[in-house]
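J.: Sharing the features that TrEMBL gives for it:
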- 28, 60, 114, 134, 174: L-threonine binding site (BINDING)
- 51, 55, 110, 136, 144, 188, 226: ATP binding site (BINDING)
- 6-192: domain 'YrdC-like' (DOMAIN)
């Protein structure tokens with residue numbers, strides 16, 4: 001299969017609407033999309049990524065009018081979050097409409113729904129023949145792609161088209177909130193922080209965790225994710241580090257002496273934006289060990305800690 005590279009939303013949407021899989025940019029990470037009206041194309045997403053079938057996909061819409069196409073029920077908490085954060089880097093888990101194929105939701109009666117803010121993504125979704133199911137555009141288990149170059153490296157020859165856009169401005173996958181029950185639950189941390197969510201829905205709680213034998217309600221909860229080839233060593237701020245050969249460092253503190261590749265981030269936001277691209281750089285440089293500083297567990301630091309612990313195989 002030849003993977004077409006294009007910067008035309010019209011061409012990419014035409015390929016998508018023909019029943020093919022298309023990667024596209026969003027403000028979080030690049031997505032790998034297929035229209036939910038083409039279940040066979042959704043199957044190609046799982047095949048291209050090597051993604052387990054019990055890992056549900058997020059459905060992307062271009063405006064809130066499409067919510068009725070995918071959700072059967074929107075409660076008060078969901079309405080408040082939609083009003084405050086759509087479009088943006090937030091996914092809501094809602095009771096699904098019967099029109100959503102089971103392959104999208106891994107057989108669950110709920111569906112994750114997101115309306116991206118990225119203008120290229122919104123125009124692409126507007127031209128689509130319906131809502132678009134899309135996980136991150138990378139091989140399963142590897143760091144998510146924050147540029148079309150990273151998508152091409154992972155998926156060239158596996159998918160029909162890549163819609164080229166700018167690098168993702170956030171660099172971490174969307175915040176996911178389960179609004180299918182009596183009270184909202186934060187399933188996955190992201191750029192929309194727990195503290196920001198609490199201001200809108202004070203009753204929100206943190207996810208208690210997903211067991212290895214249970215079916216996850218959203219992506220990013222069950223399997224090893226975000227992992228580079230190198231071993232991840234988690235460290236605390238200002239912790240003394242004796243760098244091993246062919247090692248690297250990323251964090252908010254000054255890098256230790258002796259590492260071959262380093263990224264000193266000036267803010268948690270930069271840390272989140274650079275994390276996955278840094279992992280991919282380390283793979284390209286043949287790095288064997290990456291020292292990753294754990295940020296605070298507040299704000300976007302919660303999301304960074306989540307990605308780091310999962311990449312290290314600690315969850």
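Every residue, even glycine, has its Cβ placed from backbone N, Cα and C.
What TrEMBL says about a protein is an automatic prediction, not a curated fact.
It should be emphasised that the depicted structure is a prediction, and the values quoted were computed from it without experimental measurement.
Describe the structural context of each listed feature in the structure shown, including burial, neighbouring residues and relevant distances.
T.: Mapped onto three states, the DSSP output places residue 28 (L-threonine binding site) in coil. The Cβ of residue 28 (L-threonine binding site) has 89, 116, 168, 170, 171, 172, 173, 174, 190, 191 as same-chain neighbours under 8 Å, each 6 or more residues away in sequence.
In three-state terms derived from DSSP, residue 226 (ATP binding site) belongs to neither a helical nor a strand segment and is classed as coil. Taking the Cβ of residue 226 (ATP binding site) as reference, residues of its chain lying under 8 Å away and at least six apart in sequence are, in sequence order, 142, 143, 144, 276, 279, 307, 310, 311.
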J.: Using an 8 Å cut-off from the Cβ centroid of 28, 60, 114, 134, 174, can you name the remaining same-chain residues around the L-threonine site, in sequence order?
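T.: Residues close to the L-threonine site, other than 28, 60, 114, 134, 174: 26, 31, 58, 89, 91, 116, 173.
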J.: Return only the integer: C-alpha distance in Å from residue 51 (ATP binding site) to residue 60 (L-threonine binding site).
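T.: A Cα-Cα distance of 18 Å.
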J.: Which of the binding-site residues 60, 114, 134 has its Cα nearest to the Cα of residue 188 (ATP binding site)?
T.: 114
J.: Please give the ATP site's span as the largest CA-CA distance among 51, 55, 110, 136, 144, 188, 226, to the nearest whole angstrom.
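T.: Binding-site diameter by Cα atoms for ATP: 25 Å.
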